[in-house]
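Visitor: The structure follows.
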Amino acid sequence: MKPPAKDPEAQNQSGNLKVAIEPTVTIHEDPRIKRTGTALNRQLHRTLSRRETIEPAVRYPAEFHTLSIHVETKASSGHSHSGVAEKRKGAVKELANLDWHKISGDEALQRLSVSPKTGLDSAQAQRRLVANGKNAITAAPNRFIWKILGWIFGGFGSLLLTASVVCFIAWKPLGNPNPQASNLALAVVLLIVVFFQALFNAWQDFSTSRVMKSIKGMLPSAVAVLRDGQQVTVPAIDLVTGDLVLVGMGQKIPADLRLLEVSGDLKFDRSILTGESEPVAGRLDKTDDNFLETKNIALQGTHCVSGSGMGLVIQTGDLTVFGRIAKLSSISSSQLTTLQREILRLVVIIASLASAVAIIIVILWAAWLRRKFPSYINVPGLLIDVVSVMVAFIPEGLPVAVTVSLAKVAHTLSKHKVLCKSLSIVETLGSVNVLCSDKTGTLTQNKMTVEDIAVFDTQFTTSSYRESLHSACPDMKENLAQVASVSAICNAAVFEYPTGEKGEKGISGDATDTAILRFADIMDSADSSRMAWTEVFKMNFNSKTKFMLKLSALSRHVPTGTFPAPIASWDQFTSDSYLLTVKGAPEILLPRCDYVVNPQGGPPLPLTSAVRTQLTAVQEQWAAQGRRVLILSKRVIRAEDIPKKVDKSSDEFAELVNELNYELVIVGLVGLIDPLKPDIIDTVSKCRGAGIRFFVVTGDHPTTAVAIASQAGIISNVKAVHHFSDLDPNMPMGAIKQYDMYSEDTPKGIVITGPELQTITQVQMEQLAQYDEIVFSRTTPEQKLRIVNEFKGRSNIVAMTGDGVNDAPSLKAADIGIAMGDGSDVAREAADMVLMEDFSAIVIALEYGRLVYDNLKKTVLYLLPAGSFSELMPIILNVLIGVPQMLSNIQMILICVATDVLPGLSMCLEKPEFGLLKRKPRDVKKDRLVDWKLLLHAYGFVGVLESLCAMSMSFWYLHRHGVPFSSLALRYGNWPLLTNDLLFEAQSVYFFTLIIMQWGNLFATRGRRFSIFQHTPASNWYVFPAAAMALVIGIFFSYIPWFQNVFQTRGIPVEYFFIPLTFGLALLFLDESRKFFVRKYPNGILARLAW
């Protein structure tokens, strides 16, 4: 324990906390037992007390909602950026020093030098306000200038801006005394290109949400405090450490408070932080070493839902837990999605190639041309050549194509009710090779019905059970009826009135409780069963305890001497006894049970090992049919077992009830079925056909989970499913064969439970990761998070579906988190993608995710030959063999940002090729957006053909006008027969030849494997107007006199339009021949070289 601070008015706010650190901020519930303890048959004593006896070490502390701060790496590569990581670790380290919950209330008051009777005086409060600042969360710094710089210099922007500056310098002063207008025009055009690229970058940036804006509206505006011995109302923003705040029902907590006075019914709703609306009681003493779990701290931003109290302000503003979380949330992540990494890689490749060629040209000029041909290229000319190289290499239309492609796909997905939170995440989905799915609500309809009932070894269907109730003798009926009554009493669902249109009662509650309550109401009036009992204490079902219990007392309305079901004549029940009913998973409750109801009537039977075996056999039989199996049980509690003076809403009472949750009598078993969604089998089949491993992650019994997985097509052979025991802990790591979807040796199916995951070794985990079909059962949220991280750590791209509050950490950790539209707000916030309706939309999302990558690859391939290689050749030949540059710099820019852009964008609108979902997922480490195969095809095949044809056409034009090639080659500027007009016309011939030959490239590149007759242009009519507009744009800039004067362009004879058409057709024919041999010989050399 820390000693009191010497300067309490300016001291650091500190304490002690256990925090899990795993690199982004998620807030989730660590699901412990939680319950709502209300005694409906008593009046709450609402007077404030300064002392309350609480046993700190309880076996099952009630109403726990754990807040854990996890810092998780979003990028699939697993690389973290140290700057952000250090800031997050620093913030978490500060939280780890908090100890306010561990010290007594008197010590807390002493530490902050405040009187519990008078509070702070006004002068103290003012000094602390000046020293510590306002009680407000600091807004995220406005980095607008940095954003603008990022928009301008991001991607190719820095290269283009540098090229523009060089052009200005080449124009003036280096161009003096005769500056060339073409250099100025080139500089201006480059600036315009940079401007439009910055606009597109800004548009993408503004599509993200602002976290801080949503946080500001969550805090109260004014609060009641004790100052100068009087209760006054002050603005929440003026609260300081040491203030005594009065807390009342309906109030939002304005700062982190150490509770000093509490009423017995004081409770807080922490859903703002945990997403869980179950109220948490307020207490005076610590109930946990974790600052975020203990009940003697009221956290800023939470809500008082009942009771009253007084708290000492211990932290304000950015130093509150709420403020620290907001601070962590506002730390911008610099991690990249798979697509962003590919674009960055392309930028690096292009920049490297451009720089290398530019350096070579400068070296050649300095070492050779400057000395041997001093009048050939001067310094301004050299700079323009360097700029030309930059312009030639950079596909300026690519950023626009990327943005439009992603926006188009996101818009298409939105029509299918798939919401993408960011554009770049779309492509990540196309790379997914592991999909972890929930069962309930994702694979199944989340519409449960009770199908089977068992009382010991006697099994019933719903209809036969009802018939037995009516026809059984009194002794049998007394025992059989207990199933229906316990189903109604131990149930968190409630009826909604008025009834539905068909006269059916509406029910509000989760799917399981709803199904069981409806079953109980069909058998006998559930309302009648419930009205006979008054709730004293309740502990709701949660994923940790896997049971629900309710303690009830006999209602005062029940006639004396009458004991309603589930009380039997052999129960030894008295009017002051209590009824404990419990419902839950068999493996959890069976060890707590000692008896089972006899279906033939009479006293219950002892739960011998033989009887347990029979019950377990029923459970396994139903689970194998996909049923969810629950045990219904009861116990009569004598009045003397529960002290009358114990507050029934206290932790002490919760512990007492938990101790009584033994020696139960099994009333019966119920088997519930949650049918598969109609389209789930087809969805799973398509996902698996796409090479995606489809795993089930559920809290259900392993047999039930495997049965459902088998019905959905996730498990191929139920009889051949492996178990934890099949994983060899002694196998050498090097002997484990890595997963191969095409190998017959790949292990098929396995089922693993949550408890087994806790004991699994790394060697066993490595073996587990190689299975093709995996069912994870009885898992907790923490284990879901581990599953995601384990598979990500093995270079998989993992998608995780979820809809609950507890799914948020795993959704955040996955490469792409997918939430259901009807899921919790916390899950939807944590996810990258939301399926608003059917889960089957995941197939469409997968297909379009792959389509984005495919189309971007096609776009790059279309842009590189004319917009890069064919522009570079005139510069290379100009330097090496001394011929005129056959394509002007302005024309290079026009090809990149004008004539090639619309056809490039039309490629982004291509429909999926047949078989897109039959390919295996993209290996993000090997299958790159731009690899050597694509560069070979773009430069070595299409680029060479286009350059040769365009160069031949331009030199042929000059030859026809009296300037033979021999008079130009190796002359290095000594071209007496060449006039400027002839050069400008020859350059325009080259320009139009490229534009028209790009038509052949456009129609050839539309299909990666399929012929133009298989993947017809009819599937994307946009290519026709796009190709026509490319020619129109070229004519526009070449035939209008103003552009002819400024850009030095010219018109060309008509035959130079039609001859390149034959070249384009020849290019298309050659590529069609190549694709034919790729399809016919899939293992041939052409197939291995195919992009």
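Note: Cβ is positioned from N, Cα and C throughout, glycine not excepted.
Straight from TrEMBL, here's the annotation block:
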type	residues	note
DOMAIN	99-172	domain 'Cation-transporting P-type ATPase N-terminal'
TRANSMEM	148-171	transmembrane segment
TRANSMEM	183-203	transmembrane segment
TRANSMEM	343-366	transmembrane segment
TRANSMEM	860-883	transmembrane segment
TRANSMEM	930-958	transmembrane segment
TRANSMEM	982-1000	transmembrane segment
TRANSMEM	1021-1040	transmembrane segment
TRANSMEM	1052-1070	transmembrane segment
Visitor: What stretch of 148-171, 343-366, 860-883, 1021-1040, 1052-1070 shows the most Cβ pairs under 8 Å to the transmembrane segment (183-203)?
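Guide: The listed stretch sharing the most Cβ pairs with the transmembrane segment (183-203) is 148-171.
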Visitor: Can you name the far-off residues of the same chain, 6+ from the ends of the transmembrane segment (930-958), with a Cβ under 8 Å from a Cβ of it?
Guide: 342, 345-346, 349, 857, 860-861, 864-866, 868-870, 873-874, 877, 886-887, 964-965, 968, 978, 982, 985-987, 989-990, 993-994, 997-998, 1001, 1004, 1052, 1056, 1059-1060, 1063, 1066-1067, 1070-1071, 1074, 1089-1091
Visitor: Give me the stretch from 148-171, 860-883, 1021-1040, 1052-1070 with the greatest number of Cβ pairs under 8 Å to the transmembrane segment (982-1000).
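Guide: It is 1052-1070 that shares the most Cβ pairs under 8 Å with the transmembrane segment (982-1000).
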Visitor: Average the pLDDT scores across the domain 'Cation-transporting P-type ATPase N-terminal' (99-172) and report the rounded value.
Guide: 84
